[in-house]
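Trainee: Take this structure first; my questions come after.
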Amino acid sequence: MSDIINQLKKGIAEDNIKINHSLASYTTFKIGGPADIFLSPSKIEEIEWALEVAKKEDINYYVLGNGSNVLIDDQGLRGMVIYLGENYTDVKVNGTNITAQSGVSLKELSLLALENNLTGLEFAVGIPGTLGGGVYMNAGAYGGQLGDAIEEVVCIVQGNIKTYQKDSIEFGYRSSTFQKEGAVILEGVVSLDKDKHTEIKKLMDDFTQRREDKQPVEMASAGSVFKRPEGYYAGKLIQDSGLKGHKIGGAQVSTKHCGFIVNIGNASSNDVKKMIQYIQQTVKAKFGVSLERELRYLG
Ligand SMILES: Cc1cc2nc3c(=O)[nH]c(=O)nc-3n(C[C@H](O)[C@H](O)[C@H](O)COP(=O)(O)OP(=O)(O)OC[C@H]3O[C@@H](n4cnc5c(N)ncnc54)[C@H](O)[C@@H]3O)c2cc1C
């Protein structure tokens, strides 16, 4: 381990390397044990170096954005976590385009669009992820999705920096080319349109209000746990299965939105996993519908 750390130090600032570092506070679920090695790179060269060392030493690595769509095991993660969050947030506006590093939050990005009278990111204002996580997941809400705004993505695939133009990226429902390729997303360019500030703001306020009315935004969760099954809403199926408020350990089906599982205090990763299984079995038995997980398990 100390040999790996010494190698990492050759290409990554010491302040950006932590050992046996707890991950719970890096997730919106507030769940997860420690990472053997936790890196928070601040430039591309540091990310490239981390990947090179991981490959050379044959150790696992995990990429983490704002941790708003992941469940990390209580045992933590062996190998290294590359956290592309608050240390990796350069952003610039160029006409109707915004170029941002992957750690920029979707909230900041959409507010920057508003500030510059640019429309196209209103849907993203309440999604608590980063640009990198949002592109990877093709995050979306209220009829919008990141894939529609993206013009270009720069990432590392199998050790090489690669630039994808819009036409060469496949975005599906909560899926993207980058999941299939195991890409580490470095940067994205979103292409927006000019509009009136008041119109953009009105739409954002409306989406924010709708979210606050319907979702347990004040509680620890990872958003909608399941993808929307064709022809149904996961939350409604779960509610109609009688599971509203159902508890397993510290995990509870939200009483405000049954598509969310909330951490009501010291939920373990196992509590959440058991709850997910229980929901899937119950909904399948009652309605014959298989709920597919949107939440990603790390570790
Ligand atoms: C209250 C709440 C509301 C939510 N509402 C919505 C919603 O309306 N719509 C929606 O789509 N989602 C929603 N989500 C889920 C989540 O916010 C999105 O999926 C978001 O895009 C995840 O971004 P992140 O940075 O948190 O990614 P993380 O959770 O950190 O990671 C998610 C996945 O992306 C990968 N990843 C992250 N960054 C990168 C990168 N730079 N390069 C390569 N891979 C990367 C991770 O390895 C992981 O597999 C919500 C979550 C919460 C808690």
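Placed from the backbone N, Cα and C atoms, the Cβ positions cover glycine too.
Below are the features I grabbed from TrEMBL:
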- R174: active site (ACT_SITE)
- S224: active site, proton donor (ACT_SITE)
- E294: active site (ACT_SITE)
- 30-195: domain 'FAD-binding PCMH-type' (DOMAIN)
Trainee: Taking the Cβ of the residue listed as 'active site, proton donor' as the centre, how many other Cβ atoms fall within a 10 Å radius?
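Mentor: The Cβ of the residue listed as 'active site, proton donor' has 20 Cβ neighbours within 10 Å.
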Trainee: Which ones in the same chain are close to E294 (active site), with CB under 8 Å and 6+ residues apart in sequence?
Mentor: N69, M137, R174, G223, S224, V225, F226, K227
Trainee: So how many other Cβ atoms are close to R174 (active site), meaning within 10 Å of its Cβ?
Mentor: 19
Trainee: Restricting attention to the domain 'FAD-binding PCMH-type' (30-195), give the mean pLDDT.
Mentor: 97
